[in-house]
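One structure is given here, and the rest of the page talks about it.
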Amino acid sequence: MSVRTEVTGAKRVVVKVGSSSLTTAAGGIDPGRVRELVDVLAKLRTGGAEVVLVSSGAIAAGLAPLGLKRRPRGLPAQQAAASVGQGLLVHRYTEELARHGVIAGQVLLTVDDVTRRSHYRNAYQTFAKLLELGVLPIVNENDTVATSEIRFGDNDRLAALVAHLVHADLLVLLSDVEGLYDADPEHPDSSLLPEVMSVDDLSDVRIGKSGSAGVGTGGMQTKVDAARIATGAGIPVVLTSADRAGAALAGERVGTLFHPTGRRRPTRLLWLAHATEPKGTLVLDAGAVKAVVERRASLLAAGITGVEGTFHAGEPVDLAAPDGTPVARGIVNFDAEEIPALLGRSSHELKRELGAEYEREVVHRDDLVLL
Ligand SMILES: Nc1ncnc2c1ncn2[C@@H]1O[C@H](COP(=O)(O)OP(=O)(O)O)[C@@H](O)[C@H]1O
Ligand SMILES: N[C@@H](CCC(=O)OP(=O)(O)O)C(=O)O
């Protein structure tokens, strides 16, 4: 059977592996599984591809040293476990990669690193340099400092955003299941979907709960969400089990291939569309809705009739039509409490009365996505 050229032709590949594929049944990192994965990644590298690994498992790796039996519920305990486990995890990878003469680098990311423009550029440059130096970057969320409000929450979504950030040609999601099934694979009648061409192919798929609730956080839903983010940005995705990583990366038709459905967009906008919780709402008049939706214009204070919620400049807010239906999401340039004084007034008036600082758009067109 022919190989998948989306896979064999990829020059830069992001591989994401979940906690369930790295841990033993009793919890804790399974050195044998890390070794098998590293052997596959090293082979991919030798074949000429650049590889970025997004690895979960910090929390799982920290459980045993702390005498914990299962993933703790509270955030501080998870952060402590991640703090203990992340070093151990990367140590394992470093040792295994060294057997192949490959240097490992650790990259811990927070949400800000892909949403704030200056951080984003910085993160991009770091990855570019690491890859140029032949290093294999190992990425995880910076769990120890992430709070519940500011976190990716799951590494599937993080992997999709990293794939976009590094301009990857392919994203491979490795789990403990062979691929995406049309129903929970526990169900005897469920069958594997070898290809997903568009979101329409997902409408009948039933997604059950995570099979590894003890260690992972993602479950199948977050993998499908991640695949949608990546394919919507033009990046094909292969979803399969860690056991089949070698076959999948050789282009064999294992697991599920999600075909690209869209084109590249700035990462901040991907994040805004797929991964944010709005902190408030700006209610627009009909003219402003038209300007934003049809003419893709920036939102000016003159078109705003109301403000809901508490937010600060730089945070995501929804832009709603007069009936309250959200039509777009954007990064706002003012704090919520500053906006009432600006409502319905022209930029010119604002500049004259409040100073040049207040002349700017409330949401710039470059920081807006339509919903
Ligand atoms: N429709 C489905 N197709 C595939 N797997 C599914 C589906 N619905 C639920 N699952 C479950 O999702 C699990 C994968 O999620 P999880 O264990 O959280 O993975 P990871 O730790 O790799 O992120 C599978 O083991 C499977 O039991
Ligand atoms: N950052 C966390 C992983 C969170 C996560 O998404 O886990 P998983 O569902 O196993 O991919 C950790 O390293 O433990």
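Yeah, the Cβs are placed from backbone N, Cα and C, and that goes for glycine too.
All annotation found in TrEMBL is predicted automatically rather than curated by experts.
TrEMBL lists Ser56, Asn155 as binding substrate, and of Asp143, Asp169 the one it places in that same site is Asp143.
Among the binding-site residues Ser56, Asp143, Asn155, the ones whose Cα sits within 10 Å of the Cα of Thr222 (ATP binding site) are Asn155. The shortest Cα-Cα distance between Asn155 (substrate binding site) and any of the binding-site residues Lys16, Asp176, Met220 is the one to Lys16. Across the residues of the domain 'PUA' (280-363), the predicted structure has a mean pLDDT of 91. Under DSSP, Lys16 (ATP binding site) is assigned to a strand (E or B) in the three-state scheme.
For the binding-site residues listed here (Asp143, Asp176), the lowest count of other CB atoms within 10 A around the CB belongs to Asp176.
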